[in-house]
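First comes the structure, then the notes that go with it.
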Amino acid sequence: MLLSDLSSDQEATGSNSHGGGGGDRMVVGSHGAAHVVLSNLFLPPAAAAAATMLLPAAPVMVRPAAMAAAQEPRAKKKRSLPGNPDPEAEVIALSPRALVATNRFVCEVCNKGFQRDQNLQLHRRGHNLPWKLRHRAAAVSAVTTAAPAPRKRVYVCPEPTCVHHDPARALGDLTGIKKHFSRKHGEKRWRCERCGKRYAVHSDWKAHVKNCGTREYRCDCGILFSRKDSLLTHRAFCDALAEESARLLAAANNSSSITTTTCNNSNISSNNNNNNINSISNSNNLLITSSSSSPPLFLPFSTTPAENPNPNQLLFLQQHQAAHHQLLLPQFQQPPSSPPAYFDHLAFGGGGGVITGSSCNDDNSSIAGDVMVAAGGDSVSFGLTSEGSVTMHAGDVGRRRLTRDFLGVDHDAGEVDELELDELPADLSTTAAACQGCNFAAATTAACCATDFTTGSRQYLGRLPPVNETWSHNF
């Protein structure tokens, strides 16, 4: 299709492909024929420049002032605060009985009550009874005469102690003053059956019952909340309480651990002395420990045996490496003192004794290190084998055993199996006599249950359990 055909069709119909009158340009050819050029691309360069100069200026769009004002952010109108009435308003004080009265206006036909007379008048129309609605005097006076507008009414609370009892803080709505008096000063007569919450205003109760139980917000402590903001407020206090409880518990645990270590270290310092103790040889009840350089022995008595009514205490020997020496307080690193009272109790009161030594002057001694021998009527006996390991024997055959199962590993009798006495080497009885001239001294390693001194590893012979952190933090 030629451009001339397109132009003739548009002239006949009066249409424009671009929808605007100024979109197409009329160009007159050399033969007088009019042509409509849809775009400057169809013209030669000289003609395109001339056509551009002939174009009218583009119209300038001007926004109306109303549209400009509509798009600008409008300042939100603030609601008047409750209790700040118009100074020109009429102040009305109703009695508490009038505020709490319900259904004051009753229909004489069906005995249905209404809170306002206007509602009763509208109800009377259904019974074909005469009814009359009260009109404001302003509506009547506006038609007849130019009377002034009526004053606005505000209501004060009848409770003298209430903040809204002051006319300057009166409420401007009759329904509002009624609900205020019921909520703040009235009886809460409506109770929720789900949560037990009570309300003084029936509409408040209905709104609560509608949503109660539909949404639950549970705290980690188990308390349920129906509102998220209540949960967030509670969680702030709950988390703070949990952190405080955890901090106090950690402090209590640290204090208990320090107290146990201090008590044990006090027993160590009391055992370090340079006095020799006479040995009481008892082949059935011996407590012997040995090491290359013997440490102070841990005898964790809660009280001394003289104060403890149970003379059959289970003695635990704990191991302290050189790395733990800084735990000893300066008060426990004092010059050695006299033997403690419970050594005398073991030696003379229970038919046994304790012998400790730092070095044996006797060349016949087979123990390379310090030796401690404890003997009693019922005690735990240790023995050093020829291979360099320590064995344990508890009590005599036929007597009550002292190796109680405090950790609960033996569910049958509550006690740990004993080692036979004949498993101990025969030269243990001579060890005590060989070490009578030994002195008390500090050491670096003590045996617990059974220790292999050649490899440095612990061996638990029989069914003796390892001591957990309740007894000592070193095991």
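Glycine is treated like the rest: Cβ placed from N, Cα and C.
Mapped onto three states, the DSSP output places C212 (Zn(2+) 1 binding site) in coil. Around C212 (Zn(2+) 1 binding site), the same-chain residues at least 6 positions away in sequence with a Cβ under 8 Å from its Cβ are C192, R194, C195, K197, S226. Taken from Swiss-Prot, the feature Zn(2+) 1 binding site covers C192, C195, H208, C212.
As annotated by Swiss-Prot, compositional bias 'Polar residues' applies to 1-16.
Under the heading region 'Disordered', Swiss-Prot lists 1-26.
Per DSSP, the secondary structure of the motif 'Nuclear localization signal 1' (123-130) breaks down as 5 helix, 0 strand, 3 coil. Among the features that Swiss-Prot reports, motif 'Nuclear localization signal 1' is placed at 123-130.
What Swiss-Prot records for 105-127 (among others) is zinc finger, and it gives sequence analysis as the kind of evidence. Outside the zinc finger (105-127), and at least 6 residues removed from its termini, the chain residues within Cβ reach (under 8 Å) are 133-134.
Here Swiss-Prot flags 155-185 (among others) as zinc finger. According to DSSP, the secondary structure content of the zinc finger (155-185) in residues is 18 helix, 3 strand, 10 coil.
Swiss-Prot lists 190-213 (among others) with the feature zinc finger. Long-range neighbours of the zinc finger (190-213) within the same chain, counting only residues 6 or more positions beyond its ends whose Cβ lies under 8 Å from a Cβ of the stretch, are 179, 182-183, 226.
Long-range neighbours of the zinc finger (217-240) within the same chain, counting only residues 6 or more positions beyond its ends whose Cβ lies under 8 Å from a Cβ of the stretch, are 195, 211. Annotation source Swiss-Prot lists zinc finger at 217-240 (among others).
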Just counting, how many other CB atoms are there within 10 A of the CB of H208 (Zn(2+) 1 binding site)? 17
So what's the mean pLDDT when you look at the zinc finger (155-185)? 91
Can you count the other CB atoms that lie within 10 A of the CB of C192 (Zn(2+) 1 binding site)? 14
When DSSP states are grouped into helix, strand and coil, how many residues of the zinc finger (217-240) land in each? 13 helix, 4 strand, 7 coil
